[in-house]
Amino acid sequence: MRSFTNLNPCYVLLPFFLVLATNATHTNNFLPRPRTGYYGSACWNVESIVRSVVESNYLANPANAPGILRMHFHDCFVQGCDASVLLAGPNSERTAIPNLSLRGFNVIEEAKTQLEIACPRTVSCADILALAARDFVHLAGGPWWPVPLGRLDGRISLASNVILPGPTDSVAVQKLRFAEKNLNTQDLVVLAAGHTIGTAGCIVFRDRFFNYDNTGSPDPTIAPSFVPLIQAQCPLNGDPATRVVLDTGSGDQFDTSYLNNLKNGRGLLESDQVLWTNLETRPIVERLLGLRFPFLIFGLEFARSMTKMSQIEIKTGLDGEIRRVCSAVN
């Protein structure tokens, strides 16, 4: 069993620039939202309740860490961070092809159930998802950061609205998708490096290792030694749903290993490998790896970018609600 008391203290971050406000209760409508300390005495133990649920589920299945991180990303990039991805039903976001492999819905519902007992009708599912993503990243060895709270849950969830960055996207397309959400190129590289944990299905990348762009050969940017390794795990006639670790050699640890793999031509996804071959994004990767000055500290930059992402198009006022259960509107 993994101990949570031995996490790298350098990754426990308390940057003042992430703290929007403190000691504010959710009854004061004159203060901005989201903000840290939003719930105040109305639900003073919200973070400890979520953390407890996250810890038990991480111990039960560490794969919940990349699962919830990916879910948070998919939620925020479609109509903002409003937990619309959690809504179940015909033609909801959950039914869109990119979301069919999402996992961890039960974790968020478990936290919601406990919070409804402790603080009825107070904490939004969107806030729970943001907190859970932070806590799972931290348990996997990544940074901790203050999460501004006060999001409301959305009432609309449509599969037709799901437009997400794809695994074969060029840097230009990825930049466009991120810019639409007011995220810059550095945010793009840093958040893509979240692939340091998790897996991908063979169907997403197999052609790249066998028949790239219908050439009958692998993508020439892939390291020759990496090709047979992936081909063995994802044979042409194999199950397309087979999962392969994104970060070869360090798939369950949040670190810079995946970025180093990109440098060595061992990126599993084309959309990630192009971050090294592109002249604009490569210097950012180098700075995160400590190969180019001024250096960037991955944990610190990931916390910054996650904080920005978690505030995309949030719902406030009459635009949202506090759901009683996360899978259905009130």
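Glycine residues also receive a Cβ, built from the backbone N, Cα and C atoms like all the rest.
Record features (Swiss-Prot):
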ACT_SITE  HIS74  active site, proton acceptor
BINDING   ASP75, VAL78, GLY80, ASP82, SER84  Ca(2+) 1 binding site
BINDING   HIS195  heme b binding site
BINDING   THR196, ASP247, SER250, ASP255  Ca(2+) 2 binding site
DISULFID  CYS43-CYS119  disulfide bond
DISULFID  CYS76-CYS81  disulfide bond
DISULFID  CYS125-CYS326  disulfide bond
DISULFID  CYS202-CYS234  disulfide bond
SIGNAL    1-24  signal peptide
Q | Close in space, distant in sequence - ASP255 (Ca(2+) 2 binding site), Cβ under 8 Å, 6 or more apart | A | GLY141, THR196, PHE298
Q) How big is the Cα-to-Cα gap, in Å, between SER84 (Ca(2+) 1 binding site) and CYS234 (disulfide bond)? A) 33
Q. Cα within 10 Å of ASP82 (Ca(2+) 1 binding site): which of the recorded positions HIS74, CYS76, CYS119, CYS125, HIS195, CYS234 qualify?
A. CYS76, CYS125
Q | Densest Cβ neighbourhood among CYS119, CYS125, CYS202, CYS326 (disulfide-bonded residues), 10 Å radius | A | CYS125
Q: Give the distance between the Cα atoms of CYS125 (disulfide bond) and GLY80 (Ca(2+) 1 binding site), rounded to the nearest whole Å.
A: 13
(Q) By the count of other Cβ atoms within 10 Å, pick out the sparsest of the binding-site residues SER84, THR196, SER250. (A) SER250
Q: Output the one of HIS74, HIS195 that, of all these recorded positions, has the highest number of other Cβ atoms within 10 Å of its Cβ.
A: HIS195
Q) Excluding THR196, ASP247, SER250, ASP255 themselves, which residues in that chain have a Cβ inside 8 Å of the centre of the Cβ atoms defining the Ca(2+) 2 site? A) ILE197, GLY249, GLY251, GLN253, PHE254, THR256, SER257, TYR258
Q. Should SER250 (Ca(2+) 2 binding site) be counted as helix, strand, or coil on the basis of DSSP?
A. coil
(Q) Given a 10 Å Cβ-Cβ cut-off, pick out the one of the recorded positions CYS43, VAL78, CYS81, CYS234 that has the most other Cβ atoms nearby. (A) CYS81
Q | Residue pair CYS43 (disulfide bond), CYS326 (disulfide bond) - Cα distance, angstrom, rounded | A | 18
Q) Looking at Cβ-Cβ distances, which residues of the chain lie under 8 angstroms from CYS76 (disulfide bond) while being 6 or more apart from it? A) LYS181, MET309, SER310, ILE312, GLU313
